[in-house]
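Database features, via Swiss-Prot:
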- Asp534, Asp536, Asp538: Mg(2+) binding site (BINDING)
- Cys1009, Cys1085, Cys1092, Cys1095: Zn(2+) binding site (BINDING)
Amino acid sequence: MPKTRKYSTVDEEKILKVSLSLATKEDVLEWSHGEVTKPETINYKSYKPERHGLFDELIFGPATDYKCPICGKKYKKSNEGLTCNNTPQCEIEKPEILPKISRRSRMGHIALQTPVVHFWFFKIDNSIISKLLVLRVGESNEYVSKNDLENIIYYKSHIVLDNGGLKSLPKNKIININNAAQIYKDALIELRELNLNDADALEIIDGTINHLNDIVGSKVGNDYGVDFYELNEVIEEYSSAKIQTGSKAIEFLLENIDLEEEQRKIKSKIKEINNLEKTSSSRKQDLSKLYKRLQVVESFINSGQKPTSMLIYNLPVIPAELRPLVQLDGGRHSTSDINELYRRIIIRNNRLRKWIELNAPTLITQNELRMIQEAVDALIDNSKKKPKPVTSKDNRNLKSISDALTGKKGRFRQNLLGKRVDYSGRSVIVVGPELKMNQVGIPREMAAKLFEPWIIKELIDQEITLSVKSARKLIDNLNPIIWPHVAKVIQGRPVLLNRAPTLHRLSIQAFEPVLIRGKAIKLHPLVTTAFNADFDGDQMAVHVPISDEAVREAKELLFANRNILGPKDGEPIINPSQDMILGIYYLTIEIAGAKGEAKVFQDVNSMLRAYEEGSVSLHARVAIPFKKLQKTFNLKGDKGYIFSTVGKFIFNQAFPENFPFIFDSSVSSISDAQEYTKKYYIPYGLNIKETIQNTPINDALSKKDLSKIIRTIFDKYVPVLTKEDVASVINDVNHTNYKDTSTKFANLVTTNKTALEYIHAESLSKFTTKHFVDVNKKLSLKTPGNPNQPIWEVDQYVELLENVWFDYVNIVASVLDEIKDLGFKFSTKSGTSISIHDIEVSDNKKERIKEGDDYTSELKSMYREGLLTDDERYSLTINKWSEVKDNIQNDLKKIVKNNPLNPIFIMMNSGARSNMANYVQLAGIRGLMTNNTKILKSDAENERVVRSTVEIPVKSSFLDGLTAYEFYSSTHGARKGLTDTALNTAKSGYLTRRLVDVAQGIVVTEKDCATQNGFVVKDIVDNKTKTVIVPIRERIEGRFTIEDVKDKDGNVIVEKDTLIDAKMAEEIVEVHDVKEVNIRSILGCEAKNGVCQKCFGKDLATSRIVSIGEAVGITASQSIGEPGTQLTMRTFHSGGVAGVEDITGGFGRLTELIDAYRSPWGRPAIISKVDGIITEIKTPKDKNTNLVYITYLDQDDASQTEVVSVPKNRTLRVKVGDKIVKGQKIIDGPIILEELLEYGGPRKVQSYLLKEIQKIYRMQGIAINDKYIEIIISQMLSKIEISEPGDSDFIIGSLVNNLDFYNTNNELLEKGLEPAKGKVVIHGAKRIPLLSNSFLAAASYQESAKILVNSSISSQQDFLVGVKENIILGKKIPAGTNSQYESKSKFDIRDPKEYFKDKSPQRHYKIEMDNEVSDMFNEFRISQNK
């Protein structure tokens, strides 16, 4: 693609890279279509743009399509690009015929009378100009500061550019109002000495000196200073000195800088400092400054740009439509702030031109020059302008160009990363229990608007109306004639539903629209969990995918029935809840001695009839001959019976025939169906009644049991073939073999390279037979001739494939729909209701409370006697009341167990609503309440007792009613809960945004990176409590091994490069008791620009190996950020002590880790700097410290001792004789990450971060997979700071991606050159996006100006690797269906017609038919086609 710096209409997909560089004055003229010389906008009478003004139609394009801006003649579209010659004026001006959209792209310019320094280059990132120049005053050690340069730019100070041999005027000396008189005086005296022989010169110089002396002592001199310009003139007249101010001075300095020489000097200074044996902190600062300066200098050298490009000579005027003037009612106008800022520049520029022409006094001209500089500054970045920004009449800061870029409402985030979408609507949602899982109810009126173009086409095709206009009128008037056509049009056109906030990818899913009356969208009740929706007024947005590719993506990837598992932990996210659970629980309750118990029915239908007649109870256990049940039991003997409750027989009808029968809640054992069923099998001849009565009652199925059943169904019926595989069988189906396809399906190989299980082949065969008959029937109605065997074309094969494929992938969803229907039906039938009398209370409550009161009064008397401190008394009181509440809770648990049919307990036990904690407050005691306290960092550091709990508990329950004091006491906690939730939501959203920016570019890019770096995993254990946080079994499942896994005897259990599934993981851990496994990990992956399949392992949302093209980085960020709202902000108090433990849970600690804080909350841990053995722990007398002695071997294998001093009041984590490794804690507390990195190395930091982040989430009961946290951690440690560049092109002090670093070093070593040296550095999530290789991605995150400034001076190129930069350009993102995916993978969503290329519509395949007429008819059709 040709390189262009002009606005161009290029196909986005052809853009390969974008570069950003400084615009020269020639560039601006090339962009411009004319100079703006007047500050006017539009004429107040005619409302037409003024000529040469800010909205001039000749410069910026016409306000009306294809209309000449001069004579007003209208042209056709075909004349676009020509010029109008209608009038003599037109012939002179040559106006181009253009559409009005050109006003969004055509630019103008203002030719400034003086160059202006670009605001960003002396204000942003500590002034690029200042870093570049670093001016030294003469031969002294004094340097020109950043502020001095600013004073020059704003004409407050002057600078000596050339001393002309005058010693009193050293080069680069700054002359300001304070020191001017003395400097000029010394200079004039020296000048006098040099001009003793020139009488005229002496006279003028003496006169000037006398005048200077007069002014210095006078009031005028003190108030206004000296006249710089007059004195400069005299000095410049009689010497070759040069003193200047303003942008001209800066221009001179930038023109005369020798970049190569500067580069050489900086490098030698760096070498000098590095060669010193000891470097002090001030030297380190100098080094840091030199590195930064070197980067700026090398940026200019490498990009080949001139430093003077940082000055503005011609100021671009952005297109008129991007700074619009909007007409309001009443003849008033509202204008964009940018127009006001441009007007100020034009007015000042015109005035300056006038002063120059009139040869006005220098002071007046100088003032105008300063004002122009300030006006351009305000246009570029008004918010940073000092002393105060330009304001409007109502004292509001005007929005400049920088302000329009940054922030949530800026160009990047408002217009480029998020756009408004056509063909969309939104409405309130209501529940739609009658819908199938892949359906959504769309209001008719909404559908008529959303699908308008398709409806118009259909109406015209059916000759209901003849024109688009009349069709649109029918739709707008909602004419009843349109509804059948609306229903026809929406068939096979899915819609996307989105609920804000879109916290994870399941917040957008696709559904098939179903027309409904009313104005609310009907949502399927099972998908509410994924959307986090409820029906209390939530709204949802609907979008219509338009292109064929988008429709296929929606059906294959976004359909709700394809998103059963949640990506964060791989568990089903589509689980029945509330009413449905209550219904299923009620349906599966067993009651001994219920009506009709032990009855025998001949089959399920006769049992159902008896139930409907009321002769048998739903909860009675009855028997049915097992031969009559359509279930595969694999039991010997054929005359026995199966017994269960009527309800369970009904419940089991929801499952496929080849799914085991569910008898009880031991769901995990149904995989071994034979053993499981034996318990409920009565062999022929046994007494049925006795057997049933002697069998213990089973618990009903609760929420947890249902969850396990759904997981089992998913694992059993999830599609294991690709669409291409199914198409290969359907391609051979015809009228003779359509009933017998099971063998062909059974011969297919699954995606896991195993043989297809029989249940899959059987299901597919059944679907094929069913749909073949349907499609054939449909076709025979259309086809005359032989109606039984019509000729199939490619469309019929596609239809058959689509129907069979949909049924195959919908098996799990259809079972869930059945469960949902049963749940709703039987929760209604149960008639569950609760009353105040259903709340059962404990008889022991008063005794328990009395016990607490007695204990606390005893503590008070001990405190009064001085046996306890107040803090100890408080802590013991809190502990006692917690114990009392626990005892009352245990009493209530017994009551719940003894009354299983109480409606409240049914709700609790089933998991439909509420839990024990709620019931304790309802029927027992409310307990302790939170207090209004703030924990300070000093409290945590000094481990003070913080009284965050009111020590007098609320002794009443809600059933008793609270006293006035108790009610007041509980208000603080109740309000805190609500405010915390609100604050948490915002914080969690911001965290997700930061994480997405960190990981957005990480996509699965290749199969295998062949890395040798594994990651050893074992149980994550909380060392304090010795509890397992994440078991090893969970950590290794779904990961590849990097080496053979062996048992204790050295026998190989799992070979290298094997994906560990759930069974293997169980075998490794439970059977062979392996404690640690070396696996492939993202932390060791060497794939460029992403990760490889083997290092990532299993995709949790599909339970298969992750597909190439999967945007795992964004999934990871969403998985960590989405549950963020559930993380508490409250801190856990162990007996009220504000220690480190307070923050181990909750949001604060998570932010602290992810942002890599330098000083974590609480007192940090002390870690070992060496690998050794603890030989001694001493406590010196009269000291508050312990001395820990560690013996270790140094580099020469000599024994050394390291003494670590630790505070006495801290918990030691080591004892004498312990082995200790680098980075291990000596005392408790949070570890400082940078310290751990320095002593323990990157691997230790990775393990520590992983453990700590998992700890935070698991404490709240949230399961997140390791691999997502690994992605974020790998990004945090992905940069290397260069200390010595060797023979590479790296710049000292720069940050380089670790893979680039290692690859460059390998290349250098192969060539025998010196490699670069550097150290790994850790960055928090706030910093990482700013270090991105893509300037577009970085600038759209934060600090836009700084990123753009640094990118432009180095002429940086963005190769569009990540997701964000492609979205900004409007390109397809390099992930998913636009990635280099493999054939037959998740993203291989091609047009189904491609599977039937041999069945093209042009050639009909004559199927053998008996009917002669049909033969003739077909021959005729074939000859016609030929």
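Any Cβ shown, glycine's included, is placed from N, Cα and C.
Distribution of Swiss-Prot features across the structure.
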residue: Asp534; record: Mg(2+) binding site; Cβ contacts under 8 Å, 6 or more apart: Thr528
residue: Asp536; record: Mg(2+) binding site; Cβ contacts under 8 Å, 6 or more apart: none
residue: Asp538; record: Mg(2+) binding site; Cβ contacts under 8 Å, 6 or more apart: Val428, Ile429, Arg499
residue: Cys1009; record: Zn(2+) binding site; Cβ contacts under 8 Å, 6 or more apart: Cys1085, Glu1086, Ala1087, Val1091, Cys1092, Lys1094, Cys1095
Cβ-centroid neighbourhood (8 Å) of the Zn(2+) site, Cys1009, Cys1085, Cys1092, Cys1095 excluded: Glu1006, Asp1008, Thr1011, Arg1080, Ile1082, Gly1084, Glu1086, Ala1087, Val1091, Gln1093, Lys1094, Phe1096
Cys1085 (Zn(2+) binding site), number of other Cβ atoms within 10 Å: 25
Chain-mates of Asp534, Asp536, Asp538 with C-beta within 8 Å of site centroid, Mg(2+): Ile429, Ala533, Phe535, Gly537
Number of Cβ atoms other than its own within 10 Å, given for Cys1095 (Zn(2+) binding site): 31
Structural state of Cys1095 (Zn(2+) binding site), classified by DSSP into three states: helix
Local Cβ density at Cys1092 (Zn(2+) binding site) - other Cβ atoms counted within 10 Å: 23
